[in-house]
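Enquirer: Below is a structure I'd like to ask you about.
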Amino acid sequence: MEPAALPTESFELIVVGGGHAGCEAALTAARLGISTALFSLNLDRIAWQPCNPAVGGPAKSQLVHEVDALGGVIGRLADATALQKRVLNASRGPAVWALRAQTDKRQYARQMLQLLQHTPNLALREAMVTGLETSGSAESGDLRITGVRTYFGSIYNAQAVVLTTGTFLGGRIWVGNQSMPAGRAGEQPAEGLTEALQALGFATDRLKTGTPARVDRRSVALETLEEQPSDAHERWFSFDPEAWVSSEPMSCHITRTTAATHQLIKDNLHLTPIYGGFIDSKGPRYCPSIEDKIVRFADKDSHQIFLEPEGRDTPELYIQGFSTGLPERLQLKLLRTLPGLEQCVMLRPAYNVEYDYLPATQLLPSLQTKRVAGLFSAGQLNGTTGYEEAAAQGLVAGLNAVRLIRGQTPVHFPREGSYIGTLIDDLVTKDLREPYRVLTSRSEYRLVLRGDNADRRLTPLARELGLIDARRWQIYERKQEGIAAETKRLETVRLKVSDPVAPAVVEQTGAAIKGSITLADLLRRPGFHSNDLVRHGLADGELPVDVREGAEIDVKYSGYLARQTQQIERVQRQGQRLIPSGIDFYSITTLSREARERLTAAQPLNLGQASRLPGVSPADVTALLLWLELQDRQAATTTLARP
């Protein structure tokens, strides 16, 4: 009998994969004092941004703020490496404000690698993990991870393992009808790990995503295109001023598809992997290829395309909104149908990548797998898309792996408390069969779950868990004290109709002042903001912007916030609310069509079960709760009316 192989090394935690999920998981564990090893196929591609070199955007920026509030690093690095920043949806309410940063992808990766290399308790290893070492058995209910095995036969012991393999499991890239094994362009896929998971009883499936071509900016007539500069007032992802690094911004540019673009695509749809039938994996709904846009939105004669720089020391431009599966020989011709790109040089072709993933219904809310104790999964492996979603999952998986190792209870993030909670709740309860991205519409609590208050919601928890240090805690306390003081001032200081600035305020707001008015009530008037108070000499312009805006939001939306907080508490209480049998869900017109179908088929016993059905959104659950309460009131009224 051959003796068991001796382990090459032993760690408390092993993280497999060096993308955005893996980096957050490894850093979280190491900072909590756990002996951690991060394994990557290529240490020169740590935290690489293979698709859009950008961080943030709608709902994604809220995730980044939340990760930062919990001590994560994606926001700090985005602030340090930003080429430009813009606040999206700035004309709308604070619930949907979204900071987006175009980042220098090479600088981002370099800074992450340096951070990993200088973090105590963290080791980096370049190797392909192909197997999972376990003890016990599924039959006896004590199946547990004990380590990993690499391609060349080395065994590394660990008490817990976090898998963050991205698009590398069974990865295959496609350009037209040509394909090759790869996790992304120029990098080999991971072999063996999918089979190792399947051997342990896990179900796996395939997804796909894509990335557009890159062109040489020196070959593009940028001067003929609409310029999109950075916002004049710089905003930050991180709540830590030490992470704020200002640098000369770079502009993006905008072009549009033409009739020639659309015709070329229509004539060659059969040559793309999806429409040609070469692959049938589902791609991301909210990041469609240009051929998908033209097929799905046939009534539109043009689509907006953004030209975005990839870094300060590279001429490459990322062609956002123009991913394609067309053959390489047609891609340059397609690019040259765009205004400003008539003479462009294509440096890298667009491609699709198909990969294995682990449906996340096989996970607990801690992101530990249900089948194997000590085995966690995070990031694109769980069926998500986006660096931000990956970073959030990585932090949660790393944190809970530490707590498992130490015999502590896992930390669960409820969906009503954060977008992180919304993300994880959707992943582990809904049968998702396409790449998942976070959206503000996925949360019924978006007015409460804003980016600006992520620290208020999560930093006390981070302090309790040891994720942030005393300096960060002091920064948090100073900010909250400042907001409380300014809110109190706004609620008590009054502007009198006889005050010198009153006429200017009345002219701006278009509403008279009857005697006097508090500054808080002024802010509640449409179109009047804290900047206006400063302009009229009614607020201190030296007060930090985050303090002024935090106080403004608290007073301006106090009624809405109170109602949403009550709604959160009501839904929490009603999780076990029984649903009477025999309900005709089709008669409840406030439910979506899909929710009516799912509820009718499943006949859930309570609201908690209803909320976990695929296709039943949080808004549907709220609508069902309100309908049940209405039935209760009507029944009570009927009872009272009886003689």
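Cβ coordinates are placed from backbone N, Cα and C, and glycine is handled just like the others.
Swiss-Prot lists Gly17, Gly18, Gly19, His20, Ala21, Gly22 with the feature FAD binding site. Look at Swiss-Prot and you will find 283-297 tagged as NAD(+) binding site, backed by sequence analysis.
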Enquirer: Around Arg285 (NAD(+) binding site), how many other C-beta atoms are within 10 angstroms of its C-beta?
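Expert: Total other Cβ atoms inside 10 Å, all chains included: 12.
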Enquirer: Pop the Cα-Cα gap between Arg285 (NAD(+) binding site) and Gly19 (FAD binding site) into the table, whole Å please.
Expert: 22
Enquirer: Roughly how many Å lie between the Cα atoms of Lys293 (NAD(+) binding site) and His20 (FAD binding site), rounded to a whole value?
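Expert: Each residue's Cα considered, Lys293 (NAD(+) binding site) and His20 (FAD binding site) end up 29 Å apart.
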Enquirer: Starting from the Cβ of Phe297 (NAD(+) binding site), draw a 10 Å sphere and report how many other Cβ atoms land inside it.
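Expert: I get 11 for this one.
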Enquirer: Given the recorded FAD site (Gly17, Gly18, Gly19, His20, Ala21, Gly22), which additional residues of the same chain have their Cβ within 8 Å of the Cβ centre, ordered by sequence?
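Expert: In sequence order, the nearby non-listed residues are Val15, Cys23, Glu24, Ala25, Ser40, Ala47, Thr164, Gly166, Gly379, Ala390, Gly394.
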Enquirer: Taking only the Cα atoms, work out how far Val295 (NAD(+) binding site) lies from Ala21 (FAD binding site), in Å, as a whole number.
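Expert: With distance taken Cα to Cα, Ala21 (FAD binding site) is 34 Å from Val295 (NAD(+) binding site).
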Enquirer: Please report how many Å separate the Cα atom of Gly18 (FAD binding site) from that of Gly283 (NAD(+) binding site), as a whole number.
Expert: 23
Enquirer: By a 10 A CB contact count over all chains shown, which of the binding-site residues listed here is most packed: Ala21, Cys287, Val295?
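Expert: Comparing the binding-site residues Ala21, Cys287, Val295, the most crowded Cβ belongs to Ala21.
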Enquirer: Any idea what the Cα distance is from Cys287 (NAD(+) binding site) over to Ala21 (FAD binding site), rounded to a whole Å?
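Expert: A Cα-Cα distance of 20 Å.
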Enquirer: Between Glu291 (NAD(+) binding site) and Gly22 (FAD binding site), how far is it from one CA atom to the other, in Å?
Expert: 33
